[in-house]
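The Zn(2+) 3 binding site annotation in Swiss-Prot covers Cys142, Cys147, Cys169, Cys185, and the record cites sequence analysis as its basis. Annotated FAD binding site per Swiss-Prot: 389-445, Val604, Glu799, 807-809, in sequence order. What Swiss-Prot lists as domain 'SWIRM' is 281-379. Per Swiss-Prot, phosphoserine is recorded for Ser17, Ser26, Ser253. Per Swiss-Prot, the feature region 'Disordered' maps to 1-46. Taken from Swiss-Prot, the feature region 'GLYR1-binding' applies to 279-298, 802-818. Positions annotated as region 'Histone H3-binding' by Swiss-Prot, on the basis of similarity to another entry: 444-473, 493-504, 544-578.
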Amino acid sequence: MAASRGRSKKRSNLELSPDNLPLRSSGRQAKKKAVEIPDEDEDGSSEKKYRKCEKAGCTAAYPVCFASASERCAKNGYTSRWYHLSCGEHFCNECFDHYYRSHKDGYDKYSAWKRVWTSNGKTEPSPKAFMADQQLPYWVQCTKPECGKWRQLTKEIQLTPHMARTYRCGMKPNTITKPDTPDHCSFPEDLRVLEVSNHWWYPMLIQPPLLKDSVAAPLLSAYYPDCVGMSPSCTSTHRATVTAATTTTGSASPGEMEPSKAAPSSLVLGMNRYFQPFYQPNECGKALCVRPDVMELDELYEFPEYSRDPTMYLALRNLILALWYTNCKEALTPQKCIPHIIVRGLVRIRCVQEVERILYFMTRKGLINTGVLTVAAGQHLLPKHYHNKSVLVVGAGPAGLAAARQLHNFGMKVTVLEAKDRIGGRVWDDKSFKGVVVGRGPQIVNGCINNPVALMCEQLGISMRKLGERCDLIQEGGRITDPTVDKRMDFHFNALLDVVSEWRKDKTLLQDVPLGEKIEEIYRAFVKESGIQFSELEGQVLQFHLSNLEYACGSSLHQVSARSWDHNEFFAQFAGDHTLLTPGYSTIIEKLAEGLDIRLKSPVQSIDYTGDEVQVTTTDGMGHSAQKVLVTVPLAILQRGAIQFNPPLSEKKMKAINSLGAGIIEKIALQFPYRFWDSKVQGADFFGHVPPSASQRGLFAVFYDMDSQQSVLMSVITGEAVASLRTMDDKQVLQQCMGILRELFKEQEIPEPTKYFVTRWSTEPWIQMAYSFVKTFGSGEAYDIIAEEIQGTVFFAGEATNRHFPQTVTGAYLSGVREASKIAAF
């Protein structure tokens, strides 16, 4: 960089200082820098000249040229100029000339490298970059447990992951150690190795470490390699050519290729297609994605030393993520990462030291080593200083079990208290249907890309059934609605919501109104102003779409905030396929719970956090104590005040708890002797029921075909229709559902079901809800307030504490992972 710009074939009277500032020099000044010292002869008859490194702060009193490229190499003697790469690595001016001067033998090699670097990279292909990338020797650590010393390899040896895993002191490629070979482990370690660990060593490094053949390379082919911590000289990091247009627009950031050169993501061979941990250039709005060329805020907070130049951090972080998603079924350890850190020079030692810190941070944050991963007895994912904590987890639903699994894997003592006689909370699968698992609670995964549920399915070898988009709307009477009518009313429905979005832009909390009321107001105004009259069928189809919205909200639209009903859409959401978890969520829940200390039938009555330890008392009078407690009970239980806190929860937190609604959704599942719907539905995964009136819009709006080979349908009761269930028994609900099915398939005989169930979540004493929503005059901020810990002692998790992903098992799970990270940090 500075070397190639500051020196040219024609000598100038200007040279560059170590700080790249021009200095006027002369032959006289140069001679003053040459110091005479006695040679090895004691009589002083001969003298030897040497020159110190001109880099301010460099500790190398007698630099040694590592390159030895020129026949006139200075070795450890005198040279007119030393080029500093690190405090222990320099090359002489003679070796610089050997590669940089066009008439020298090494120029062709440097020139060829420069062309490759320029073609693929973004940084300057300077002589120093060339030396760091091509000429520095590799360093490797002895794998003998009793040794562990670092050794410098000779220049011709290329380090590989296999060599890094198996290296022993004195080992050379393709050779067999003879029995009479001396014990090379007894040889002392190079003194420069110790310096690498010092805090001042890394800031003195001239070239940032750029990994060769990184596992992350196939995932980052659309980026300039040197902007994401990889060497542009490796074929594995060569940028991909454009094969498809990007889906979003915008200018490229410093680490990205220009939009016209950008390429779509390419996956590592064998990696699950739902694993996309890195944003591609110009991509945005994808949940649980990181920018490979930028440090996140929490990373900068944890590693401020990389704020000026994040290259090393990005190189190691990106490598760790790629390794994790390549094999998420085993815990990723520093020992598994180290062989893949292929970089020349002493900086490899520093990278190996740093990868442990970075990996532990990413583990604590739940970025890696998460899901249903279990560790062997006595082994833990975090160092010993994390092990001295005890935690009580209240609730064995997805949030509680996610946190308990993480904390247990970290090495902490964890006890889970569950009120019911089973684990899972709102996850409850019915396995009594022949050949089919039907979830009484959730069973659908909305958006699989980077979804932790998809990760856990991969870990367990569970397949997810992709749901198609086709949903025929069937009217009572048996007619299938014309798709053009459905499309037109779907457009009108979304236009109504767009108007709501415009209306709320300048509205305060006190100006909020119910969403249902606002939609009706906008609809009436549109009809009046446009003069358009919708047909009876079009009005019914609109009611179907409103019913779907009530299903999404978990409540009648007259209870939901028009201002904040979709508050989470302002954050990146999970994209990709919508799938049905055919084995049910219970498979995941059971694996999360494996090996944990779970106390069933232990409803918590009070939590006292006035002392040094938290005292938790269950309804049977049993007392439990721990340093921390994590509360993961449903929102409805907090609203009911079923748990007494001492001191009481703050007014701010209680206001937030009560500003959210405890939504109710009920389900019915029916098994039939045969698939009577096949001829009409024709392979679709679900079909819709067009309600004849607004008063009937929440009754069995959608029927899901639970298995293409079996004869099971599942439907939902939503909105104001949920209240009608309270006055009916299960048989009456069944009869009403069968009446609707017979109307939808009027042209054929509908058999009686051989088995069925009707859920009653509203009457479950320790649940009483499906999922949360924002009530009128509420806001999404309430989710964050509920999630706030108290005095670093009492923590909260659950879907109603996850502002980004509420109402989902995914959101509940991630909230548990989030709190486990916070507990570990306190």
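Any Cβ shown, glycine's included, is placed from N, Cα and C.
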For a quick check of packing: other C-beta atoms within 10 Å of the C-beta of Asp421 (FAD binding site), how many?
7
Quick one: what's DSSP say for Cys142 (Zn(2+) 3 binding site), helix, strand or coil?
coil
How does the domain 'SWIRM' (281-379) divide up by DSSP, counting helix, then strand, then coil residues?
50 helix, 2 strand, 47 coil
If you count every Cβ pair below 8 Å, which range out of 444-473, 544-578, 802-818 shares the most with the region 'Histone H3-binding' (493-504)?
544-578
Under 8 Å between C-beta atoms and at least six apart in sequence, can you list the same-chain neighbours of Cys142 (Zn(2+) 3 binding site), or say none if there are none?
Gly148, Lys149, Trp150, Arg151, Tyr167, Arg168, Cys169, Cys185
Pick from Cys185, Val437: which of these binding-site residues has the biggest number of other Cβ atoms within 10 Å of its Cβ?
Val437
Below 8 angstroms Cβ to Cβ, which residues of this chain, lying six or more residues outside the region 'Histone H3-binding' (444-473), approach it?
272, 274-277, 286-289, 328-329, 370-373, 480-481, 486, 541, 544, 573-583, 585, 587-588, 591, 680-681, 684-690, 702, 808-810, 813-814, 817
When a 10 Å sphere is centred on the Cβ of Cys147 (Zn(2+) 3 binding site), how many other Cβ atoms does it contain?
16
Reported as an integer number of Å, what is the Cα distance between Val437 (FAD binding site) and Cys147 (Zn(2+) 3 binding site)?
55
Mean pLDDT across the region 'Histone H3-binding' (544-578), rounded to an integer, is what?
97
